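Peer 1: Below you will find the structure I want to go over with you.
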Amino acid sequence: MKTSGVLVTVLAVTTTTNAWGWNYYGNPGYNQGGNPGYNQRVSSGSSSSSSSSSSSSSSGGSSSSSSSSSSSSSGGGSSSSSSSSSSSSSSGGSSSSSSSSSSSSSSGGGQNDGWSWEMEYQMSQNYHVNSRQSTDVIGDLYNMSDKDMSSVGKTVKLILNGDRNGQPQDTVTHYDSCPSKGTPECAKDTCCIWKYIADEMKEAMTGTAGRCNGLARGAIRLGFHDAGTYSKKLNAGGADGSIVTFGECEMRSINKGLEEICHQTRVWFDKYKDFGISMADLIQMGANVATVVCPLGPRVRSFVGRKDATTESPVDTMPIHTWSADQLITLFEDKTISAQGLVALVGAHTTSQQRYAYPDKALWPQDSTPGVWDVLFYGETLNPNAPSRILKFPSDVHLSEDSRSKNVFSFYADQRWGHALWNEGYAREYVRLSLLGVNNINSLTDCTKVLPGWSGNTWSNPDQKYMDEYMQGKGNRDYASSPLRYGDKIPGY
């Protein structure tokens, strides 16, 4: 969705019902929460949206989105990625929407006047891809009847099952006003303190270019490395905060590169622990803040109320960047994550700059737009002629070639609607990942409203010319790699 020096947009449908009568409300696939969807019109400019599903009238302004994502094959590099849905017909400056589910062309009813076979094809592909993702119910919901489930329990079950009414993304809900920190009013609202935490995280995770930075990439990877220790066979591990609480960041080689984000997470925890937060929640909230801070990233449903670990997580339950597809798929099946779900999660490498897997290529990215959540990672992993400064993990290449995962890899690489497909697939799988090993899902609280607003469907790098030259091997490596690490603009060579 990004091309050299060109604004990025993705198709999206703004109708509330499709040809089969499924509800959309702007979501990228059967969802009803105003999520980034498939608007049929493509804007010629960029758009900024705070928490709205589809923002219209904007072309020529600038858009900023933030989000990040955890990677699946991590043996030493950190990873992040970028992607986008699309803003609808617009012209004139940037458009910002705060709490409406859709601002313009056909919001709230009826069929869009431009319904086409392309949109039907896109929706059918979305159903085809997402219906093959992970569907196991987990945690305390596994043996629970629907009548005993809370509203959160029912919501999570729909997402886990891949139900078309599940909503793994939410670009709409937000705080109109948040009570002052430390007041009785804030204490009565479970999500209130998390708004202050999320705002502080956003500030720390964004660079001057509007891209997410190394701290954001680390937060996404940290979320994965904490939750990803889960093993169904061992009935141990998961999103329990143990990676920070028990010093696993520093003690386990698989976590090399996470020291900075682990330190910062401890700083945040010490600052806010008296408000009753858990380390487990802090880590997963950080991952979801980071994902939406990355331009074009999804606004993933975020829940709080996890309990912290009392023991270390199991060892040898994490993937290595040199593994075969068979090793990866087998490992993730034990985490209730399918091959297709794994492909969605590994896309977080789109924002990555690896540092330790290959020290001689430290800070090399895994696609040509590090710090942006687009689908170039998928296409450039498949492309034998990708820019020379892109580093491909063997594990990613193996997944792109294996019969169980290559089709989904190619779907996500599609420049027309792959991004919307991937954002939906990633969000669905990350909700699952973030709840692995959590046995009180039914009593959690949905605090998605505290996340930074969704930035919209379009993004244009302010330094694209220099980024392209750097990716093709021009200029001193350190001259660009350091600004890219911090999300800052690359100076002209």
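Every residue gets a Cβ built from N, Cα and C, even glycine.
Please treat TrEMBL annotations as automatic predictions, because they have not gone through curation.
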Peer 1: Which one of THR350, THR351 goes with ASP367, THR369, ASP374 at the Ca(2+) 2 site, as TrEMBL has it?
Peer 2: THR350
Peer 1: If you have TrEMBL open, could you say which of CYS262, CYS294 makes the disulfide with CYS212?
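Peer 2: The record-listed partner cysteine is CYS294.
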Peer 1: Per TrEMBL, which of CYS191, CYS192, CYS249 is disulfide-bonded to CYS447?
Peer 2: CYS191
Peer 1: For the C-alpha pair, I'd like the distance in angstrom between ARG221 (site 'Transition state stabilizer') and ASP374 (Ca(2+) 2 binding site), rounded off.
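Peer 2: Computed Cα spacing between ARG221 (site 'Transition state stabilizer') and ASP374 (Ca(2+) 2 binding site) is 17 Å.
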Peer 1: Using DSSP, what's the helix, strand and coil tally for the domain 'Plant heme peroxidase family profile' (277-410)?
Peer 2: 60 helix, 7 strand, 67 coil
Peer 1: Give me the CA-CA distance between CYS294 (disulfide bond) and THR350 (Ca(2+) 2 binding site), in Å, as a whole number.
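Peer 2: THR350 (Ca(2+) 2 binding site) has its Cα 10 Å from the Cα of CYS294 (disulfide bond).
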Peer 1: Highest CB neighbour count within 10 A among the disulfide-bonded residues CYS178, CYS192, CYS294, CYS447?
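Peer 2: Result of the Cβ crowding comparison: CYS294.
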Peer 1: DSSP on CYS212 (disulfide bond), three-state: which is it?
Peer 2: strand
Peer 1: To the nearest whole angstrom, what is the C-alpha distance linking CYS192 (disulfide bond) and HIS225 (active site, proton acceptor)?
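Peer 2: Between the Cα atoms of CYS192 (disulfide bond) and HIS225 (active site, proton acceptor), the distance comes to 27 Å.
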